[in-house]
Amino acid sequence: MKLSSACAIALLAAQAAGASIKHRINGFTLTEHSDPAKRELLQKYVTWDDKSLFINGERIMIFSGEFHPFRLPVKELQLDIFQKVKALGFNCVSFYVDWALVEGKPGEYRADGIFDLEPFFDAASEAGIYLLARPGPYINAESSGGGFPGWLQRVNGTLRSSDKAYLDATDNYVSHVAATIAKYQITNGGPIILYQPENEYTSGCSGVEFPDPVYMQYVEDQARNAGVVIPLINNDASASGNNAPGTGKGAVDIYGHDSYPLGFDCANPTVWPSGDLPTNFRTLHLEQSPTTPYAIVEFQGGSYDPWGGPGFAACSELLNNEFERVFYKNDFSFQIAIMNLYMIFGGTNWGNLGYPNGYTSYDYGSAVTESRNITREKYSELKLLGNFAKVSPGYLTASPGNLTTSGYADTTDLTVTPLLGNSTGSFFVVRHSDYSSEESTSYKLRLPTSAGSVTIPQLGGTLTLNGRDSKIHVTDHNVSGTNIIYSTAEVFTWKKFADGKVLVLYGGAGEHHELAISTKSNVTVIEGSESGISSKQTSSSVVVGWDVSTTRRIIQVGDLKILLLDRNSAYNYWVPQLATDGTSPGFSTPEKVASSIIVKAGYLVRTAYLKGSGLYLTADFNATTSVEVIGVPSTAKNLFINGDKTSHTVDKNGIWSATVDYNAPDISLPSLKDLDWKYVDTLPEIQSSYDDSLWPAADLKQTKNTLRSLTTPTSLYSSDYGFHTGYLLYRGHFTATGNESTFAIDTQGGSAFGSSVWLNGTYLGSWTGLYANSDYNATYNLPQLQAGKTYVITVVIDNMGLEENWTVGEDLMKSPRGISTSCLPDGQAAPISWKLTGNLGGEDYEDKVRGPLNEGGLYAERQGFHQPEPPSQNWKSSSPLEGLSEAGIGFYSASFDLDLPKDGMSHCSSTSVTALRHPRTACRSTSTDIVCEIHKQHRTSDQLPCPRGNPELSRNELVGGDPVALDSAGGKLESLELSYTTPVLTALGEVESVDQPKYKKRKGAY
């Protein structure tokens, strides 16, 4: 926003005095920074008042969804998600950056290949999506260590505090990632409009300064020093007011908070507990940050699912379309202006990046599934709300009132919250007073309008609010100069075209609705039956009532066409911005929104653009689909769908119609059980001939871990030796006295971890894991040992990831992995000399392409056999379906031809493991570099996505697996197969294979 010179002089004068600047433009209070350099940049690009953000001087509501690039590291597929978000009517995506993936070794920042953020930013720009950058350094995110690299366990200072050792440890990462973000912020023509320093900085232990203004200011200064000039926003984990503007040092520019009102009990997806619907957020906002727009930086879009949980299908049921209607519209009642849903797309926890309490899938029950499908009804419901927000600018300038059970509705069973506008229209959010009610309630409304106070319906009958539903009724809604005095049906969108205006309204099945329009024109039904439609003309308006039908009706009132739809029909409509200069829709601006067209096209419409006399649509189809286009510019004569010229007809209302045929491809998937499987023992460490001379010695007398002191003669904490991820192996050498009868050990691997112990080649036993246990103390009986003879104890520990660091001062991220105690407890027992290993090289990890977390310490991993084309020619022939006959770990490999048609079909293939004979396994698909943990006694997910972008997708695929048998009887997979969902004819285009180097003999591998 540009200021007059007089205003600028006043600002500079106040700035010189160190004051915060406030001024009024067009009746709104704007807040400017006291820092002149920052203010100079922001005044043109991103500013705000107490109502909303302004981008380039234009008021805008930020409607956003969370999506993490590291959970879908394929550029073209990132564009796919951005386009699906754009199609919702959203204009923004929020993203985390996982520090652990880009600085696996202190001082070495590597953000290339799949970890390069710039293609992610470019894809956002191509889709016309703004970005909210959230690089941490702490992110939580159900990620290992909350995004902290494992080497922070050695930092001599409290994490997320002003301790110098911790701050110094963050400098390299933040300076690099913030500089990249600065390069792509809006001031440089990029998509990034907001920056969040820290994450959920909300709770601290007693004895620790919290909140620490010095710490928070340091994190903010790190970003500013790297060139970040866009506004800083925070996300208090609850509406507590921490670091809000005006709180002093460490205050952010815009205060935001999180909210997950239904919690995470997916096991009871139909239960909405009493009292969980927020009702005081507006009051808290006015108390905590009245000068900034109301922001919820994380509002519940799904749920995580723990080991043994009911699965993400249940989570998507708990947080379904009904939840969205009730809870998201409730947020609108608070005049939310920055709303980000966590998650919009969850993705996958590739290669050990997840935290201990979760598994491979991070589907999150979100609107877009892990396999990138948009078949959940909650996606379509979001589209209705997102598009309504785009065409309701008066919402942002209205004045929210208090909720009430009297004054608007004629029954106390309903609660109404008004947002009253002057000349910009008003909004009335209606819900059940018992928000979880599944009853249908009949009601009438009395609403203030420009035509006076009106009792609705005027033409007789009643309105209906069905169970677990909510509505936003509008009054004096401006449809490009036509005043909608009121509408009880909800607004999907409206547009002004050269030949008139179009308004799209929808209602639920079985409902009756009514609207009134300021006009002297008559009502004409121009499509569909007149049955169930009534109207009445007054001196200055016309009132229309109708019963919702599954068949579309169109009525004409003057130059306004009104489409009357049921909700399920409205799901099939899309409102793409119409590009006239190139193919990209561009960012959402009032001009771009106004230029949109309306398309009925089923599964997905990605983009629309004009080129010469052609109207080009890019769209996805999962069935033969009738396509209709409303508002085609007069310059367009031909229709192209996905690049193909498509014949079309034009009806009397100017609607273009065409049909896209869908022919399901003939897909023949190979039978995995019939492949020529090769096997290699991946636990050679228990063989008598095994040489561990190259292993690091666990000989540190002290630990650098400040959370837990040593209870062993030397440190057996893996992070002290640079091993932070995946399987850990220990070999303890001792010379027997002959008195030893038992071996006691306490292993730590995180929630649901497992461990196994051998003496030489003799299996002693295993801990198969429980969700509630992150460590386990076991005592194993020993056979009679021969005095003077050397023995080796081999311990395998499944490291499930590092703990998150939610509460400042607890330093739970430093919870060690490995062995906390071990001994031969008998009186004259010999001491044990330990060696250990994790991934080859530890922090000097071997595979720079796949990153520092991808590999663990199993023999096959250290050798690189999990990579494509391992040297399996001379391996034993054996299948994971045959498995192991005794406790151990095997690695299985097979190749096959995957011949998929290259006709634009997206197949969303998956690997499905349906059952296990024995309790635990791990498997790895080398083509996707996914590590999955499947535990029989707390198994939740048994399907793994195979996204496009995998190398050699249409030629040789390689599947590798490490079944871990924690039972003396061995173990095997009961079933292993490839499957696919309904193929989608997609306009996404070619997906380039990400770099996946093949096997190469590793120097120094042991």
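Using N, Cα and C of the backbone, Cβ positions are placed for all residues, glycine too.
As recorded in Swiss-Prot:
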type	residues	note
ACT_SITE	E200	active site, proton donor
ACT_SITE	E298	active site, nucleophile
CARBOHYD	N156	N-linked glycosylation site
CARBOHYD	N373	N-linked glycosylation site
CARBOHYD	N402	N-linked glycosylation site
CARBOHYD	N422	N-linked glycosylation site
CARBOHYD	N478	N-linked glycosylation site
CARBOHYD	N522	N-linked glycosylation site
CARBOHYD	N622	N-linked glycosylation site
CARBOHYD	N739	N-linked glycosylation site
CARBOHYD	N760	N-linked glycosylation site
CARBOHYD	N777	N-linked glycosylation site
CARBOHYD	N805	N-linked glycosylation site
SIGNAL	1-19	signal peptide
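Nearest neighbour of N777 (N-linked glycosylation site) by Cα distance, taken over the recorded positions E298, N373, N422, N760: N760. Of all the recorded positions listed here (E200, N422, N478, N739), N478 has the Cα closest to the Cα of N622 (N-linked glycosylation site). Within its own chain, N760 (N-linked glycosylation site) has I686, S688, Y791, V792 as residues 6 or more apart in sequence whose C-beta sits under 8 angstroms from its own.
The number of other Cβ atoms within 10 Å of the Cβ belonging to N422 (N-linked glycosylation site), over all protein chains shown, comes to 12. Secondary structure at N760 (N-linked glycosylation site), taken from DSSP and collapsed to helix, strand or coil, is coil. Between the CA atoms of N478 (N-linked glycosylation site) and N422 (N-linked glycosylation site) there is a gap of 12 Å. In this structure the C-alpha atoms belonging to N402 (N-linked glycosylation site) and N422 (N-linked glycosylation site) are separated by 17 Å. Cα distances from N739 (N-linked glycosylation site) to the recorded positions N156, E200, N522 are smallest for N156. When the alpha carbons of N805 (N-linked glycosylation site) and N373 (N-linked glycosylation site) are compared, the span between them is 33 angstrom. Within the same chain, the residues at least 6 positions away from E200 (active site, proton donor) whose Cβ sits under 8 Å from its Cβ are N140, N235, D236, A237, D258, W806, listed in sequence order. Taking the glycosylation sites N402, N622, N805 in turn, the residue surrounded by the fewest other Cβ atoms inside 10 Å of its Cβ turns out to be N402. If you take the Cα of N373 (N-linked glycosylation site) and the Cα of N156 (N-linked glycosylation site), they are about 46 angstrom apart, rounded to a whole number. According to DSSP, N805 (N-linked glycosylation site) is assigned to coil rather than to any helix or strand. Considering only the recorded positions N156, E298, N522, the residue whose Cα is spatially closest to the Cα of N422 (N-linked glycosylation site) is N522. Separating the Cα atoms of N522 (N-linked glycosylation site) and the residue listed as 'active site, nucleophile' is a whole-number distance of 47 Å.
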